[in-house]
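Database features, via TrEMBL:
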type	residues	note
BINDING	B:GLY8, B:GLY9, B:GLY10, B:HIS11, B:ALA12, B:GLY13	FAD binding site
BINDING	B:267-281	NAD(+) binding site
Amino acid sequence: MADTIFAVSSGQPPAAIAVIRVSGPAAFGTAERLGGRLPEPRRASLRTLKDGAGAVLDSALILCFPGPATATGEDLVELHCHGGRAVVAAVENALAEQPGVRRAEPGEFTRRALLNGRIDLAEAEGLADLLEAQTERQRRAAIHAVEGRVSQAVRGWMDQLAALSAMIEAMLDFAEEDDVPLDGAAVTRIKSEMHALAIAMLEVVERPPVDRLHDGIRVVLAGPPNSGKSTLLNLLVEREAAIVSPIAGTTRDRIEASVLRGGVAYILTDTAGLAEDTADVIEAIGVTRAQEAILQADILVWMADTPPPRADAIWLHSRADLPGREELPEGRRLAVRRDDDASVAGVWGVIAETAAALLPREDAIGFKRHQQEQCRRAAHALLAAPGADILLMAEELRVARQALAEVLGVSATETMLDALFGRFCLGK
Amino acid sequence: MFDVVVIGGGHAGTEAAAAAARRGARTALLSFDRHGLGAMSCNPAIGGLGKGHIVREVDAFDGLMGRAADQGAIHYRMLNRSKGTAVQGPRVQADRQRYAAAIQAMLAAQPNLAIVEGEAEALVLDGDHVAGVQLGDGTILPTRAVVLATGTFLGGRLFRGEERHLGGRIGERSATRMAEQLRSLGLPMARMKTGTPPRLNGRTIDWAKLDEQPSDTDPWTMSPMTAARPLPQIACAITRTTEETHAIIAAAFHRSPLFTGAIEANGPRYCPSIEDKIKRFADRNSHQIFLEPEGLDDPLVYPNGLSTSLPTDVQEAMIASMPGLERAVITLPGYAVEYDHIDPRALDGRLALGALTGVFCAGQINGTTGYEEAAGQGLIAGLNAAAYACDLSPVILDRASSYLGVMIDDLVLQGVTEPYRMLTARAEYRLSLRADNAETRLGGIAEAAGCLSPERLAHRRRRQEQQATLRERLGVVRTASDLARAGATIAQDGARRTAYEWLRFDGVTLAHVAPDAGQDCDAAMLAETLEDARYAPYVERQAEEVARLRADEQIVLSSKLDYAAIPGLSQEMIDRLSMARPATLAAASRIRGITPAALSAVLLYARKVAA
């Protein structure tokens, strides 16, 4: 009956650990396709998650809870992944590609729990307050979106979609009228405009989400003790006039500094050295925190002589001013010399370049993940339309219109009808 | 004592009365004049895109319109013949008198149905229940249920240039007192506008000058119960407005009640007056006008495309400016009509009024336009009025089942801002809602509702058997090389598929996969099955959507929910939910502007109240 839904249930990434919940009849099958054989019910087990093409996404803890004795009353799987944005996004995308599986709508887990009798009314009272806040937030967000650049962009696309739909619908519903173009050339033109619109939409939509702009990009410096992390942090920070607020913890905890550079906010984190074995309890805590910081990093600057724990790390050759370390070994992006300002500037250059790929462009539009998803759906529908059958073109245009209508909160049909009757002189 | 009294004898009323009687309800059809039953007050055509679909759906319930259309048809045309069957619309032009005669004959032959002449002056109420209908002469018809199908007669006012008349059609009365009563009961009401063109004397038209549009030669019919077309087929003709016509009309804008502010109500965008077309599309220098004969032995001609409320002298000048109409005489000038309608959000999926138990509404009173839309609502209101009065199960159609379901869902959830007309674009499941498969889609529901005649049931059995045989024959497995040998151009990938599955590929025809499958089968049944096969992948994709829709339809919301008390809803959401009073969570989700979080809040509150 119901389809299977998923959502991050542990708050928004980045975080040390992100818990993704999958609920519904296809939950177990989906987890099995991503992570292989499932552990016993209610037992956590480490699995390597892979996407459909076999690419490794993450190594994660999997827990299975057979329905109906679960939070939602359905079969439920929890994936405890590493909490970096990229990891979470990759796992989410792999889930969304599974048949019968989709991203949950806001409040949908709660709704299923209610329907399946998994929440009693006393609990529901408490949830109502939460929902109220959520609804209010959503409403405010919607108002912002309506006034904002997101809606401007989506509205622009919707106008184009409505115009294209109007042409097709005029051919379908008003073919008898002399105001309606009927030739094959018109159909070909509509088809190519659908394609161009989809490409334009994807180009904007595939830019990263906007929230990094607000928090700042997390740059984490990590490596073994005495690899030159603190020195580099100082060099990176001291050469910038605009230090916002250096926050120091204990020397053995991590140190953070906010820096504004080129109009972009960064949070630089120096971590405790990753000593393998330590008997010192406080140092052990420091190491754990460092490992968390590595997972949370948007950009990891790796200072060790062993390969980095993340493939996307910037691997530096540190202390190149020391004797015996003049050569740049294979795999390293840059060498850093304490006595060479240019080498430090080079590090900033690589950081800024990596950040640019993470950040929306300056003229970019601040899409929320949900909006992004709908726009993507619209674009893919437009690309899926076959060339000649205008009925099927109309069907894909309808799917695309419906997706954008949900972002804008308008009626997909009425918008098209407005375009139809505004453009053609129809009716007798 | 009646079970159901239907007020109004137009397309909605006649269909409602016949439907209620077919379900066994003791039914009265109340109308000013029994000879006016089944009158086509505007164009002499039935069907078209979306509309033809509805006619076939009504027919699947053994309704009147399809069969009467065949009895009166003098011109058949399948619209969009070159496109997919999902958007092919059957349309006929019917002889006005023969159509009405066919309707009247079917009503006369219908058991359980009495025809009563008179004016319905008021509803007799017992608390918030209807108990009867009071006639103009004081007589009271006691009844359990009432169907209001008053068309444009409710507070109807006619406009033509500077002229004003009271009435729903020219030369007829208007139901003024009933309109006053409904307003006084606090029902949400508003005004709509529609119009009609001048009628011409066909003997004064120079037909030789004009292009002809012939009737389709292949012998399809509106209803499968019609064995053959009974009447000879005649052609229509096409003329055009000229620059002179446009100049005449533009010079008279100040005399059109549309532009002087006399008519304030909204008219339909897809059925604009000629003066509206010329004002809004000033860049167009000519519009097509179809000249449609109103009957075999009736000289009246309906110029389709010339709806107007301009004064008579302007109408005469404008007609004379068109090719072939230089000497044409106007028999009855065109006019506009403004009338009362109920905000259909006051109704539920049965077309029953929430505020007045036992009262059902159908047709223009619900803010729709068109014969077919009216007939469709009449059918549903009649079936459900009978259900209410005789304690039978209601008939509620959803959007996935039919155009009827789409129309009623749109009306009761979104309301109307202009007269509502069916368009195939309104149906999200358009690929599966075809005119040719209406019986397959709705036959089971109609049979369960007990409204099919023995002949129709026998016809349904035959179809079901043929369909099963065909599907079985198309289950035969064929390989890609089998197809190549049969002459199909497809990729040689060694695939093995059933004939049915192969048919979804471009360029694969029945001859390639199962040339004998159609033996002893009805051609229509075969065409329907082939079309099912062709669009199967799309229909499967939509099936998932439909399953989700139907799951949320199971979650019932009370009609007494106080939406204003639900924390977190915006005022706009509260207004829309309170007006529409959605019956289920799925219905609530379809109301414009209702977000997923708002739905959760509604559900939570509903559960709390129920506990």
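Cβ coordinates come from backbone N, Cα and C, glycine included.
Where the annotation comes from TrEMBL, it is an automatic prediction and has not been curated.
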Surrounding CB atoms that lie within 10 Å of the CB of B:SER273 (NAD(+) binding site), all protein chains: 28
Chain A contacts among the binding-site residues B:ALA12, B:CYS271, B:SER273, B:PHE281 (Cβ under 8 Å): B:CYS271, B:PHE281
Rounded inter-Cα distance in Å - B:ALA12 (FAD binding site), B:CYS271 (NAD(+) binding site): 20
The one of B:GLY8, B:GLY267 whose CB sees the fewest other CB atoms within 10 Å, among these binding-site residues: B:GLY267
Other C-beta atoms that fall within 10 angstroms of the C-beta of B:GLU275 (NAD(+) binding site): 24
Three-state secondary structure, B:HIS11 (FAD binding site) (per DSSP): helix
Nonlocal neighbours by CB distance (under 8 Å) for B:HIS11 (FAD binding site), same chain, sequence gap 6 or more: B:GLY38, B:MET65, B:GLY363, B:TYR371, B:GLU372, B:ALA374, B:ALA375, B:GLY378
Distance [Cα-Cα, Å, rounded] between B:GLY8 (FAD binding site) and B:GLY267 (NAD(+) binding site): 22
Binding-site residues compared (B:GLY10, B:CYS271, B:LYS279) - highest count of Cβ atoms within 10 Å: B:GLY10
Environment of B:GLY8, B:GLY9, B:GLY10, B:HIS11, B:ALA12, B:GLY13, the listed FAD site - residues of the same chain whose CB lies within 8 A of the CB centroid: B:VAL6, B:THR14, B:GLU15, B:ALA16, B:SER31, B:LEU37, B:ALA149, B:GLY151, B:ALA362, B:GLY363, B:ALA374, B:GLY378
Local backbone state of B:LYS279 (NAD(+) binding site), from DSSP in three classes: helix
